[in-house]
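**Student:** So TrEMBL has the following annotated:
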| type | residues | note |
| --- | --- | --- |
| BINDING | 263, 312, 376, 597 | Fe cation binding site |
């Protein structure tokens with residue numbers, strides 16, 4: 001969801017917070033009035049007589065508001081440092097291209113299908129900031145418009161492979177609007193001075209009916225045979241996996257009217273999709289269950305939380321839903337009082353809720369845990385009386401960043417440095433190193449109410465963006481995988497960079513680790529696959545082997561970029577020989593920026609090849625699609 005590149009976004013509603021008596025709110029109203037006075041004086045010079053229909057009047061008023069925003073707010077691009085260049089956007093492709101530069105061999109039993117990754121790609125070439133009489137506000141890297149990058153693995157009649165690459169923006173309604181107007185329209189509403197954020201909140205809602213733009217840049221998932229792009233601040237968008245065309249927003253046939261968290265989960269056994277939607281006003285969190293075919297919302301429950309905790313991911317077991325309530329909070333009242341909209345409250349509490357699949361708020365069993373910020377989970381499962389959760393835990397949050405977005409480079413550089421543990425405790429670190437995520441285990445005993453917690457790995461590497469063989473979601477698994485942060489490169493650039501991958505053996509202890517008094521069970525075995533120097537990756541996913549028997553029968557695929565050569569590749573790594581060289585290196589003809597989450601969708605592509613790339617050579621098409629020869633001969 002990591003770094004300034006964590007996949008976390010917010011959704012707020014237009015409901016007015018209960019602060020009408022606040023002196024700060026009165027001050028803001030006065031500031032708003034003062035700021036717009038010069039513009040209003042210009043308007044007063046012209047004799048205006050309004051004698052029009054209400055609809056036309058509304059349009060006229062909105063045009064005046066737009067003009068006022070253009071008058072008061074100044075937009076400016078946020079430059080990237082040379083060390084941040086691959087966080088910058090790329091152009092959208094008109095058509096897919098064939099990829100022919102492949103070192104090694106794609107295995108014959110590799111699954112035919114699509115490897116697809118999401119990530120931010122600011123549409124106008126750079127993220128923007130605004131300055132006005134209200135102060136300054138700016139977008140963070142996690143708020144760039146979503147772009148999908150897809151690699152198509154097409155298996156020919158003779159077993160040979162044709163590989164195609166394509167990218168495309170997720171065409172949300174707000175992206176279409178900004179493309180039509182050919183300029184940034186939404187004021188940044190997350191990072192900056194509180195009067196600027198609140199004015200952006202109000203003006204965005206007034207002009208467009210939304211607090212912020214729909215970015216859809218975080219994850220891609222499949223349900224009911226359809227693919228969806230998603231971010232926390234809006235409903236998912238259905239995507240045509242062959243063309244990457246955006247089809248429509250997914251509201252479950254009118255059954256769901258709020259955002260999803262970016263990591264919904266399929267329930268083991270039933271295939272139902274368990275979702276969680278948060279909001280800055282009550283109800284702060286609602287859980288939903290969608291039928292396996294994706295056509296119907298089967299269950300909806302208000303969790304009745306008393307705060308808006310930014311829960312980025314939900315877990316499932318065979319019988320339960322599992323979710324986190326940690327102190328990374330979105331608070332409108334705090335914003336109006338002059339502080340941050342989003343903030344990790346270090347003195348706040350954290351707890352984990354376990355709820356029967358079709359339960360209500362009254363059926364939740366809460367377990368108090370040590371305060372933490374956990375964005376991403378490996379898995380949850382039942383083990384006797386215990387429910388076990390594995391995730392990547394930190395002791396503070398990397399987002400939204402420094403207070404009011406000031407001195408961002410220095411702040412992130414400090415936070416992303418290699419960790420230096422203090423003797424006596426693996427959690428005793430300096431204030432600047434609390435955002436160091438690593439694998440962690442919680443065991444909640446439903447009979448006794450007790451919780452056991454422990455670190456699963458040491459402090460050599462920070463790890464995040466975990467994933468597993470998806471056939472084991474909700475049931476006990478033996479292996480997990482995640483991205484390994486290069487703390488030195490991350491600190492130098494002020495942005496998180498992942499220089500390798502890790503394979504975790506949950507059932508095996510690390511033989512080289514000396515036990516400490518506070519780590520009685522020891523740490524687990526970990527294998528590492530580190531990339532070449534100055535090469536960093538994102539969006540890794542597991543590809544099960546066709547006909548595989550064991551859980552780790554398969555491969556890990558990932559996008560990587562070499563910053564020395566400016567070349568992007570996709571690596572295929574055999575999971576059972578994880579530390580060995582990749583079995584294939586697929587060099588892409590275009591740069592692929594760093595992004596967020598990826599997935600692999602197994603599917604037959606033989607008869608759809610021309611939908612992906614209409615201009616593909618007919619000889620290649622014939623070698624892939626038997627039906628093409630029958631039709632065209």
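Including glycine, each Cβ sits where the backbone N, Cα and C put it.
Unlike curated entries, TrEMBL annotations are predicted automatically.
Just tell me what is around each of these and how deep it sits.
**Tutor:** Annotation for residue 263 (Fe cation binding site): same-chain Cβ neighbours under 8 Å, separated by at least 6 residues, are 219, 221, 312, 313, 314, 376, 377, 597.
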**Student:** Provide the number of Cβ atoms within 10 Å of the Cβ of residue 597 (Fe cation binding site), excluding the reference atom itself.
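**Tutor:** If we count other Cβ atoms within 10 Å of residue 597 (Fe cation binding site), we arrive at 25.
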**Student:** Take the Cβ of residue 312 (Fe cation binding site) and count every other Cβ within 10 Å, whichever protein chain it belongs to.
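**Tutor:** A 10 Å sphere around the Cβ of residue 312 (Fe cation binding site) contains 24 other Cβ atoms.
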**Student:** Provide the number of Cβ atoms within 10 Å of the Cβ of residue 376 (Fe cation binding site), excluding the reference atom itself.
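**Tutor:** Result for residue 376 (Fe cation binding site): 24 other Cβ atoms within 10 Å.
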